[in-house]
Structure formats: structure tokens, C-alpha cells
Amino acid sequence: MARIVMKFGGTSVADLDRIHNVARHVKREVDAGNQVAVVVSAMAGKTNELVGWVQAMPKVAGAKASFYDAREYDAIVASGEQVTSGLLAIALQSMGVDARSWQGWQIPVKTDNAHGAARILDIDGSELIRRFEMGQVAVVAGFQGVGPDNRLATLGRGGSDTSAVAIAAAVKADRCDIYTDVDGVYTTDPRMVPKARRMKKIAFEEMLEMASLGAKVLQVRSVELAMVHKVRTFVRSSFDDPDAPEMSDQLNPPGTLICDEEEIVEQEVVTGIAYAKDEAQISLRRLADRPGVSAAIFGPLADSHINVDMIVQNISEDGSRTDMTFTVPSGDADKALEVLAGEKDVIGYDVVQSESGLAKISVIGIGMRSHAGVAATAFKALAEKSINIKAITTSEIKISILIDGAYAELAVRTLHSVYGLDKT
Ligand code: ADP
Ligand code: ASP
Ligand code: MG
């Protein structure tokens, strides 16, 4: 007998037929004698619809352009998961499985106060464990918890993955299975590159980079939690036949295991390519080259919860003036420009320029630590396709390259081939 957390994403619960299909996956694990908690997302497209409704509401008089009340945003967008958790509990009951739905606050999943992008602080797993012992399946609404203000808080887009891994850690589950619409983690997004290969295993650190650099198959925070709490996490498909014999394999189910680097025998130099479209570049021209300038720029941006990514500062020629360029998600560009305009006198720049519609392509692999020339290979391959590079950042295990968004797909395919990742 094992204790398992099973998470089903939006496309897996997109309609009532699929919810019944999910119930069959759950029943299989229950029939095998396992203790099961399920975490569900909202039906595909639902959260986007709810977010759209919030954004379409009239602004409160005096509020800044793109701001709305984050507590009410959470109250609204968390509702999609409430519906699917109830529906799945009913589907399970109709199959003779004892099941009960749980909202975040009922467990409780306690979060901090960062409404819209809250972090889980603590989960009391005791009631879930009591239910396991009664043979009951808990169907938990993902993506939500309760903040210190006693109000609903959501965990950021894609947050049900994090709910699942955090619950798995809290109840000391043997496994956390993330069921989605692909059958594992691939060398790059298989929807963009049909030649992408599925990996049997991927190291936590590589998965963290893949996720934070755009591969939305897992939310970044879920990978961090899995790594810290050593949760055995598999990514697998809900579209596989629930009753196929290999689906019952308890040790190595079909899919990709996220694991410690030591568990991977044949480590490649480059394991994957990730991309993030919709990046915007902002440049501040002719800044004073003095201590405190970066803090004056990035402090206020951080205070406004703007996620700044690639940062490039020129070395000034004469030690007096310099340029600073950085990227933000396109959706945050207006807000960032607004913040920078408000701080113009403090920062002391001359002009600000921005460009959106860019893409960041990243090459990831732990093997890069011990191999030279990986970056040069990427630059040469992109040059041969006449793709211009606007900015570059590197770390020990990744290289990120900013390019015009129109070339994103070509660049991903080119790099995927040049590093020998194509399926043969
Ligand atoms: P869910 O709704 O189940 O949470 P998501 O849409 O959030 O599913 O994530 C699954 C999607 O992630 C896949 O459909 C795929 O297009 C995308 N994806 C991006 N990069 C990868 C990758 N390297 N491996 C697998 N899937 C990826
Ligand atoms: N429904 C939420 C979203 O679309 C959470 C999730 O799917 O993980 O972001
Ligand atoms: Mg997701």
C-alpha cells in the first residue's frame, strides 16, 4: 500500500467526460489498495475567463491604471477549482468510491498575504490523514489557500502543481503524480517541436530552470518544494488508458520522474530548451554611473511585484553616463514604465525606450558545468539562421538568449537539433 497524491490539470478536467475519466484513474489507485488525495485545477480556460472578468471591471476612482483589489481577484479566480473538486467528488461517489471535496481553507492550506501570488507557509495534513485511514479520498481544490487575513489566497498561475506537491509533503506521500495533457517532461515543448524526446528522468535543478525559463509543464514553486521535501514527483498523462496494465506500476509509472542528479546515470551536456514568448525589453538611456542607481531602478519595480529578468548594464565610456537594459513579461511592461516614470527624478535617466514582442530562448543542462563551448555552439547556430541576439545571460547550467519573437520557433528548433536532442 502506498500513499499517493494525484494532480489533474485543466485539460484533464475540461468537461464532464474527462472528469469521469479522471475518476477512473483515481479508482484504479484506490482499488490497488492505495491511500489517495487528489488535487484538481479548474476546467481548461476557466481561470483565464475569470481573470478576464476581473480585468474588465471598471477601475476604482483614483486607482492607478492597471491595479485592482487583489483580495477580490483571489475570491473570483479561486472559484474554478471549487467547481471541479465538487464534480470529481460526485463522479467518484457514483463509481462507489468514498470521496469528499476540500477547499484550501478547510484543510487548511495556510499562505502568506501576497494575494494573487501567495506562497504556502504551512499545511495541516492531520485531517487528510484521518480520512485516508477511513478509506476516504480527499479531492482538494488546487491553486488556493487561506491567508493570515483569513481570506482566500491564490498561488499564482499554474499553482495547482504547487498545491499538489505541498500536500504530498504534508501527508508524507510516497508519490506525487502530476497528470497532464502530455505524457511526461520533454526536451522541449512537444507542441512546438514534434521531434522533442520524452525524458525518463530529469534532475530537480534542471526542471527548476526549465520551469522558470518558460516550460509551463510544472509551476516553478512546485519543483522547489519537491526538491526541498524530497517528494517523488512524476509527470504523466491523464489521457492514457486508466486501465492499461503499465498504469498500475507503483515504482516506475509511465512518465518522467523529477529526481536528484545522482539518480541519473547518463547525463547529457544539454538536457532541454525552454522558451518564454511575450517578453519586453526596457532600456534606460544615459543614467548617472554612480552607486545606488541599480537600487533606485529595481527597488521600486520589486515593490510593485514586477518580475525583472535579464539585466544588462553597459560599462560607461567616460565613467559618468551609462545605459541599463532589462526584460519583464510583456504584461508587466506598462506597469514598469509607469513606475519608472514616477521615479525619474530619483533615478536620473535621460530617456526610456521599450520594445515588446520578444522571446527568450534558454539552453539548459547540468553537464554545462564541466563542458566548454556550449554557448558558442548556440551563437553560431543562430547566426547561421540570421537570428539576431539582443541580450544574453548565463548561469552555471543555462544560457538565455533574447531575440525577436517572430523567430522563437525557428530558434528553439535550431538549438534543439544542434545539441542532438531531436528524436531519431
Ligand atoms: P495542466 O493544465 O495539466 O497543468 P499545462 O498546460 O500547465 O497543463 O502544462 C502542460 C503543457 O506544458 C503541455 O501541454 C506542453 O505544451 C507544455 N510544455 C512546455 N514545455 C514542456 C516540456 N519541456 N515538456 C512537456 N510539456 C511542456
Ligand atoms: N487554474 C489555475 C490556472 O489556470 C491553476 C492551475 O491550473 O494550476 O492558473
Ligand atoms: Mg499547469
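Just so you know, glycine gets a Cβ as well, placed from its N, Cα and C.
According to TrEMBL, the protein has these features:
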type	residues	note
BINDING	LYS7, PHE8, GLY9, GLY10, THR180, ASP181, TYR186, ARG191, LYS216, VAL217	ATP binding site
BINDING	THR47, GLU81	substrate binding site
DOMAIN	282-354	domain 'ACT'
DOMAIN	363-424	domain 'ACT'
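Candidate binding-site residues: LYS7, GLY9, THR47, GLU81. Those with a Cβ under 6 Å from ligand 1, in sequence order, are GLY9.
Filtering LYS7, GLY9, THR47 by Cβ distance to ligand 3 (under 6 A) retains the following binding-site residues: GLY9. Largest Cα-to-Cα span within the ATP-binding set LYS7, PHE8, GLY9, GLY10, THR180, ASP181, TYR186, ARG191, LYS216, VAL217: 21 Å. Cα separation, LYS7 (ATP binding site) to GLU81 (substrate binding site), rounded: 12 Å. Just so you know, of the binding-site residues LYS7, LYS216, the Cβ with the fewest other Cβ atoms around it within 10 Å is the one at LYS216. Each residue in the domain 'ACT' (363-424) gets a DSSP state, and the totals come to 30 helix, 14 strand, 18 coil.
Assigned with DSSP, the residues of the domain 'ACT' (282-354) fall into helix, strand and coil as follows: 28 helix, 23 strand, 22 coil.
The binding-site residues near ligand 2, defined by a Cβ under 6 Å from one of its atoms, do not include any of LYS7, THR180, TYR186, LYS216. Regional average pLDDT for the domain 'ACT' (282-354) in the model is 92.
In sequence order, SER41, SER160, ASP161, ILE178, TYR179, THR180, ASP181, SER238 are the residues near GLY9 (ATP binding site), counting only same-chain partners six or more apart with C-beta under 8 A.
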